[in-house]
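Here's the structure we're looking at; comments come further down.
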Amino acid sequence: AMFKPRIRLFIFPCACQQVSAMGDRGPDNHSEVTDFILVGFRVRPELHILLFLIFLLVYAMILLGNVGMMTIIMADPRLNTPMYFFLGNLSFIDLFYSSVIAPKAMINFWSESKSISLAGCVTQLFLFALFIVAEGFLLAAMAYDRFIAICNPLLYSVQMSARLCTQLVAGCYLCGCISSVLQTSMTFTLSFCSSRAIDHFYCDTRPLQRISCSDLFISRIISFSLSSIIILPTIIVIIISYLYIVSTVLKIRSSEGRKKAFSTCSSHLGVVSVLYGAVFFMYLTPDRFPELSKVASLCYTLVTPMLNPLIYSLRNKGVKEALKKLLEKKNPIL
């Protein structure tokens, strides 16, 4: 039997949000939604302390790693190159979107209500969608940068000018913002009537769709289209760039030259593999397995931002030398 939506949420992007709750026409049924409940991980209560400590440790490493990476890049003039400009923005994005998710998730391990306000839920979804999409486009820009550096080294300084790098990064944030406005508007125009409990540890589109009583056909078509527009071009740019890179590197006669060329790309490929692997796993996981989606979400909300600085600092000679120089400056005894 069909039942009428009790609550409708409307969000107008780039303006103050307006929320109205419309129940059945009867005078006693009018109510207003002011918050949702983040169910989080379905584990025994005694494991919440362990999960809190794990989240706290990972988030501390994210803060230390990404702030450290940005500090090193800004402090050393030798790292004033396109590659490190992109890498600094990658650290900024990782730091920001993990900060949108982790603190609230940690608070909810101690909270009985586990509630998040409507404004908080909208903000969390908007900012997370903005920065995760921006990261996808930034990884494509970084692949293009490596392609130019290895395949056209003589023209690198001309083609990868400061202006182009700035435009590419600005384009990444713009694409993230447009996608986020569309995704957030579409999600919070749905009707929510059966439950306020979001079966996830943060506000995301799919868990919110699960508690909606609207017809989701158009919403899912738009979500799929947005994902395709975002993922396909970035993946194609990365794949084509690396096909050219591998082809060029294999033509290098000296083994030392090949090793050096591959070492500059291996870090980027590692980051791409972790991020896109987790995203594909999450979107390919059926809705009836929400716990698997949570595990995949953990990979790109917390694990990837934690690993990125480690991958780049351990694999990158320039970063290691800059870090050593910075530490020597702070501690002359070293």
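Yeah, the Cβs are placed from backbone N, Cα and C, and that goes for glycine too.
Keep in mind that this is a model prediction, so the values were computed, not measured.
The transmembrane segment annotation in TrEMBL covers 47-72, 84-102, 122-144, 164-182, 221-245, 265-283, 295-314. TrEMBL lists 65-312 with the feature domain 'G-protein coupled receptors family 1 profile'.
Using a Cβ-Cβ cut-off under 8 Å and counting only residues 6 or more beyond its ends in the same chain, the transmembrane segment (164-182) has close neighbours at 13-14, 82, 85-86, 89, 125-127, 129-135, 137-138, 141, 144-145, 222, 226, 229-230. Counting Cβ pairs closer than 8 Å and at least 6 residues apart in sequence, the transmembrane segment (47-72) and the transmembrane segment (122-144) reach fewer than three and form no contact. At the 8 Å Cβ cutoff, the transmembrane segment (295-314) and the transmembrane segment (221-245) share fewer than 3 close pairs (sequence separation 6 or more) and do not count as touching. Distant neighbours of the transmembrane segment (221-245): 133, 136-137, 139-140, 143-144, 146-147, 150-151, 175, 179, 182-183, 186, 205, 261, 265, 269, 272, 276, 279, 283; these residues of the same chain sit at least 6 beyond its ends, with a Cβ under 8 Å from one of its Cβ atoms.
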